[in-house]
Each structure stands twice: as structure tokens, then as C-alpha cells.
Amino acid sequence: MSTNEQALILIVDDDAIIRQVVSRLLAESYRVEVATDGEAGLARARELRPDGMIVDIQMPKMGGFELCEALHADFELNEIPVMLMSAAENKDELLKAYDVGGDGYITKPIDPKALRAKVAHMLETQRERKALQEQISYATSTAFTAMSSMSETGLVMESIKQFNLCETTRDLGEQIMLALGQFELEGAVALAGNDETVTLNRKGPATDVERSVLQHVASMGRIQQFSRRLALNFPNIKLMVSNMPLDDEDRCGRLRDHLAILTEAAETRLEALKVKASLLSVQRKVAIVNTIQSLTGALLEIDNQQREGKANRTMIFNETMLRLEESLSAFGLSDRQEQNLLNIVREAWERVAATYGDEADLQDKLSRIVRDLQQAASS
């Protein structure tokens with residue numbers, strides 16, 4: 001895909017006003033082309049190979065859902081992301097958009113800010129998909145080769161083993177998608193970690209439609225199946241599978257059991273990762289508190305020693321002056337001579353004491369630091 005400034009967006013809508021409004025809103029950031037109905041949109045898509053499409057659901061000749069299905073059925077066009085437009089959001093249309101492979105969903109009247117954000121996100125998601133697709137395809141191919149001789153139970157056990165090697169929420173989500181691929185299933189997953197919620201499909205980041213469907217899964221029971229879709233709802237993991245094999249009832253039942261086991265195992269691993277992260281956070285806090293306490297003790301000891309030293313110096317000087325006054329009487333000096341000599345000593349002491357002024361300021365700062373550290377350690 002080209003950069004946002006060069007990306008080509010094809011708008012397909014039978015309403016000329018909507019085409020004009022959407023074109024004007026996107027013209028500053030993208031090259032824009034239009035088509036007046038679904039059939040014309042399909043022809044223009046084959047001609048232009050746009051980076052993304054915005055398609056109205058309700059159109060004559062060929063509606064948005066039919067156009068989306070036609071694009072996905074065409075090998076050369078099935079990677080084009082499609083955002084579907086509707087007059088009003090409802091659950092049935094949202095699920096239908098998910099079924100036909102829509103990558104985004106927006107309602108009329110068009111909110112300019114929402115439109116620009118959704119288009120940018122759709123294109124960015126497509127770029128990330130393409131970057132990850134080669135890596136995921138290689139990993140999937142390697143996994144299929146290594147596990148081709150394993151039974152379904154073996155695949156489950158191997159997937160659980162890989163779950164337990166994951167160290168991040170995203171790694172775990174990618175392993176869940178890899179497990180789906182090993183069972184030839186498509187779908188999306190949402191994992192709620194301590195600091196982030198990761199939503200993925202087998203190609204990379206989940207689309208807006210997939211994220212909306214996963215939010216609906218959160219309000220369902222533990223395991224729900226409707227038509228080819230299977231939803232598994234655990235406290236921290238929501239899994240939606242879109243292509244359960246209804247033509248093979250036995251295999252469909254086994255897969256339902258396998259996926260429940262895998263999702264529960266992934267839930268257990270995610271809980272362990274969250275507990276581990278919490279313990280590490282507590283350990284870091286304990287280490288910080290211990291360091292503060294040690295530093296506080298050392299600074300407090302230095303503070304006390306310096307204050308005691310100052311008091312001792314004053315006491316020694318006073319004692320020395322007293323002894324000097326007593327000793328001078330033995331030298332036969334006049335009162336004036338004794339006073340001059342004592343004044344010399346006092347002036348020298350005052351000059352020395354003056355040099356301790358900066359030390360007193362430093363002492364006060366040290367005392368404030370000690371109080372702050374004591375408060376931090378106790379909070």
C-alpha cells in the first residue's frame with residue numbers, strides 16, 4: 001500500500017451528495033475516485049486497484065454486501081480493505097458486515113473526524129497485515145509441516161505447550177490465531193492484559209468490525225454458536241470463529257470442544273502473565289522502599305554526626321578560652337595585654353565559625369532530604 005498522501009480511495013454510493021461530501025472530506029489526504037453503484041464500483045476496482053474502498057450498503061443493482069462478497073471472491077481484489085456505510089448501526093448489519101469480510105463500518109450522517117480516523121486506521125491495519133502476512137504464512141506453513149501427522153488432540157496439546165511459552169499478551173494472541181489456522185479456521189480474538197487489550201485476526205490486527213463483534217461476544221454466554229459462527233467468552237479472552245464446518249457435524253462438535261479447551265488454557269496462561277507482572281511490580285516497589293530506607297538511615301546518621309560535631313566544636317572552644325584565661329594570670333601580663341591576647345583568639349574563632357555558615361545551609365538541606373525520604377518510605 002502507498003503512503004496516506006498517495007493512497008487511492010474508491011467511494012461507491014448511488015447518492016451524489018454523499019459521494020461529494022465524502023470525497024471533499026478525504027481529498028486533502030488521499031486521491032479519491034467514485035462510482036455510482038455496486039456494479040460500477042466492482043468494475044472501477046478492477047481498473048484502479050484502489051488502496052481502500054468506502055461502500056454504501058443500500059444501492060441498486062448490487063448492494064454493499066454483495067460488492068464486498070464479489071471483491072473477496074476475486075483473487076486479485078480480495079486484499080482491498082472495504083469500509084461499509086449504513087444509514088443506522090444495528091446488530092444484524094454489523095454481523096452481516098463481519099460475514100462478508102468488511103474492514104470498517106460507519107453510519108450516516110458522516111462524522112468528518114470519525115471518517116478520517118476510520119479510513120486512516122483501515123489503511124494502517126492493511127499495511128500491518130501485509131507486513132505480517134509473510135511472516136505468519138511462513139510460521140503457519142512450518143507448523144502444518146511439523147504437525148501434519150498429528151491428530152487433533154495432538155494439535156491441542158502442542159498449542160497448549162506453545163501457550164505456556166508465551167511471555168506477552170500479544171504473543172499469546174498470535175499463538176491462538178496460529179492454533180485456529182492449524183484447524184483450518186478463521187476468526188478473531190481479544191485478550192485483556194494488565195495494561196492493554198490486544199485484538200487480532202490471522203492476518204494481524206483485527207478490523208473495526210471484528211472488534212465490534214468481539215465486544216458483543218462479551219455480553220454472551222460462555223460458548224455460543226449461531227450458524228457458522230462460534231463465540232467463546234472467557235473473563236480475559238473473547239474468541240470468535242467465523243467458519244465452523246457445519247457440513248461435518250462430528251468434526252464441528254470436536255472442534256467446539258477443542259476450542260473451548262484451548263481458550264481455557266490460554267485464559268489460564270494470561271492470568272499467570274498478569275499475576276507475574278503484578279508480582280514484578282510489587283518486587284520493584286519493595287526494592288525501592290528498601291533503598292529509600294537504607295539511604296534515609298545513612299543520611300540521618302550523617303546529619304546527626306555533623307550536628308554533634310558542631311556542638312562539640314563550640315564546647316571545646318569555650319573550654320579552651322576558660323583555660324587560657326586561667327593560665328594567662330601566671331605570665332604576669334597586664335589586663336590590657338591579657339585582653340588583647342584573648343581578643344586575638346576570639347577573632348580567630350569567629351573567622352573559623354563564619355566558614356561554617358555554608359555548612360549550616362547544607363545541613364538544613366540534608367535535614368529536609370531526610371524528612372522527605374522518611375515520608376516517602378512510609379507512604
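Each Cβ is built from the backbone N, Cα and C atoms, and glycine gets one as well.
No curator has checked TrEMBL annotations; they are predicted automatically.
Copied over from TrEMBL, here are the features:
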- 8-123: domain 'Response regulatory' (DOMAIN)
- Asp56: 4-aspartylphosphate (MOD_RES)
Within the domain 'Response regulatory' (8-123), residues counted as helix, strand or coil by DSSP: 53 helix, 24 strand, 39 coil
Integer mean pLDDT for the domain 'Response regulatory' (8-123): 92
Residues near the residue listed as '4-aspartylphosphate' in space but at least six apart in sequence (CB under 8 A): Val12, Asp13, Asp14, Asp15, Ile18, Gly63, Gly64, Leu84, Met85, Ser86
